[in-house]
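Asks: Structure provided below as structure tokens; questions to follow.
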Amino acid sequence: QDEVGLGSCSVIFVVGNEEGEAKDGYAVGGDRCRVRCSPLGKNKDCETACRKKAGSYYGYCYLWFCYCENVSESAVVWGNPTLGPCLSDG
């Protein structure tokens, strides 16, 4: 029986980074919300979302949202101040 234990949770988002430093973050859909996913961990849907929406070649499902590593410099990821509010939040 598989169980997912989350001892502590933290919200990770990108506001800015040093020049040359790799940028990571949650993929954002057309509604400006994070892209939801399941199952956790390695996830083909997240790999696709990260490639198409963040210019990243590595993504996985973390806390039920697609998280992308080493995204392109021009990519807008969740938490970016220029993004605006998620349109599905009411």
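Note: Cβ is positioned from N, Cα and C throughout, glycine not excepted.
Annotation source Swiss-Prot lists signal peptide at 1-22, citing a curator's inference. Per Swiss-Prot, domain 'LCN-type CS-alpha/beta' is recorded for 23-87. Per Swiss-Prot, the feature disulfide bond maps to Cys33-Cys86, Cys37-Cys61, Cys46-Cys66, Cys50-Cys68.
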Asks: Out of Cys37, Cys46, which of these disulfide-bonded residues shows the lowest number of other CB atoms within 10 Å of its CB?
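Replies: Counting other Cβ atoms within 10 Å of each of the disulfide-bonded residues Cys37, Cys46 gives the minimum at Cys37.
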Asks: Taking only same-chain residues 6+ apart in sequence, whose CB is under 8 Å from that of Cys61 (disulfide bond), what do you get?
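Replies: Long-range Cβ contacts: Cys37, Ser38, Pro39, Leu40, Gly41, Lys42, Asn43, Asp45, Cys46, Tyr67.
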Asks: Can you tell me how many other Cβ atoms are located within 10 Å of the Cβ belonging to Cys50 (disulfide bond)?
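Replies: For Cys50 (disulfide bond), the 10 Å Cβ neighbour count is 28.
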Asks: Give the distance between the Cα atoms of Cys68 (disulfide bond) and Cys86 (disulfide bond), rounded to the nearest whole Å.
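Replies: Cα to Cα, Cys68 (disulfide bond) and Cys86 (disulfide bond) are separated by 18 Å.
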Asks: Per residue, counting other C-beta atoms within 10 angstroms of the C-beta, which of the disulfide-bonded residues Cys33, Cys86 reaches the highest number?
Replies: Cys33
Asks: I'd like the number of other C-beta atoms within 10 A of the C-beta of Cys68 (disulfide bond), please.
Replies: 30
Asks: Using only C-alpha positions, which one of Cys33, Cys66, Cys86 is spatially nearest Cys50 (disulfide bond)? These are the disulfide-bonded residues in the record.
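Replies: The smallest Cα gap between Cys50 (disulfide bond) and any of the disulfide-bonded residues is with Cys66.
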Asks: Quick one: mean pLDDT on the domain 'LCN-type CS-alpha/beta' (23-87)?
Replies: 96
Asks: In whole Å, how far is Cys86 (disulfide bond) from Cys66 (disulfide bond) when you measure between their Cα atoms?
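Replies: Between the alpha carbons of Cys66 (disulfide bond) and Cys86 (disulfide bond) there are 15 Å.
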Asks: In DSSP terms, helix, strand or coil for Cys50 (disulfide bond)?
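Replies: In the DSSP reduction, Cys50 (disulfide bond) maps to helix.
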